[in-house]
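The structure under discussion appears below in the form of structure tokens.
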Amino acid sequence: MDVLHDDTPDLRSLPQERLASLIAGLGEKPFRARQVYRWLHLRGAASLEEMTDVPRALRERLAEGTRLTTLERATEQRSADGTIKWTWRTRDGKLVESVYLPETDRKTLCVSTQVGCAVGCTFCMTGTMGLARNLEPGEIVDQVHRANRRLIELGEGEGPRPLTNLVFMGMGEPLANYRSLKVALDLLLSEDGPNFSHRHVTVSTSGLVPVMRRLGEETQVKLAVSLNATTDAQRDAIMPINRRYPLAELLRACREFPMKQGRRITFEYVMLGGVNDAPEDAERLARLLRGIPAKVNLIPYNENPGLGFAAPAPGAVERFRDLLVARNVTAVVRKNRGTDIAAACGQLAAEGGPGDPRRRAAAALTGTPAAG
């Protein structure tokens, strides 16, 4: 489901070596390609006109034969806790969201990789959208560039790169758009570009097992797995991808995931009241993760109207964490951020709304009647 049927090269989407080849083909010296690349990916230029030290003749030739992806900021919402959610409009009018999460020691951007999502997790608002299309590499990296520039305007940091960390946990399943993701990662990690550290970039997956090993072999970024259940029956009901790649297969892929010594896989566990938050779930989770260098992020469910799930009862998350810690599993409770602007985990949905199949699934799990 790739985007626009347009063969015009997008400068923002080109790997560094392909950009160099394109500019060499115009008869230019190699240093010109580096100049253009740094304007695109270090300074986040929104147009060719901004590239003031690039000869006008070259800019005009590039304008004739290429295009330059630049997202338009459609909305900006600021939370009381400092979180900012941006909705970006693409060239074909699609909307995607990214979220800025400021902390004392880091400034993180949660990045989207698709318009919508085909995975269909029943507790997630993005899943109600379905999948419209994949994002191009330039549309992925430009979320970072637009965010960096906006943060400088807001006085949230100094240029050219206030952001310190990236998490690919926004709209979409990153590994389902691996071609674009890999190019985007290379651009974002490049020394002539933003030069993010591998240690500060995390890619999340719902469990697309065949692509997980490829990610580990071809990059050194960190892996997060959206687990959310401790039995196949439970996970089948809330995450349909489990019917293709059940828990045993997923966890085997985690054990085999290529990692540098000292690294850990983060397991995201969204806690749904009355569904997956019982003491027995904590005990099963500890057993499942045995032998895997793991850290568990416990995420109290952010309630979404119409989806039918509820947050855990008071104290349930802390008790769950304590049970894991007692079984030698590193576990932390992730603080919900941006809930007042629908920017928290599972709340991103730039288009669409709740669907009946998700309400029915929630009702089946919780024993409550489905609305509608």
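Cβ atoms here come from the backbone N, Cα and C positions, even for glycine.
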Which range of 5-27, 51-73, 258-280, 350-372 is region 'Disordered', per Swiss-Prot:
350-372
At the level of the C-alpha atoms, what whole-angstrom distance separates Glu97 (active site, proton acceptor) and Gly172 (S-adenosyl-L-methionine binding site)?
10
Between the Cα atoms of Cys121 ([4Fe-4S] cluster binding site) and Asn228 (S-adenosyl-L-methionine binding site), what distance do you get, rounded to the nearest Å?
10
Name the one residue among Cys110, Cys117, Cys124 whose Cα is closest in three-dimensional space to that of Asn228 (S-adenosyl-L-methionine binding site); these are the recorded positions.
Cys124
Between the recorded positions Cys110, Ser204, Ser226, which lies closest to Cys124 ([4Fe-4S] cluster binding site), Cα to Cα?
Ser226
Calculate the per-residue pLDDT averaged over the domain 'Radical SAM core' (103-340) and state the result as an integer.
94
Would you mind listing, in sequence order, the residues at least six apart from Gly172 (S-adenosyl-L-methionine binding site) in the same chain with a Cβ closer than 8 Å to its Cβ?
Ser112, Thr113, Gln114, Val115, Gly116, Cys117, Thr126, Leu131, Asn134, Leu135
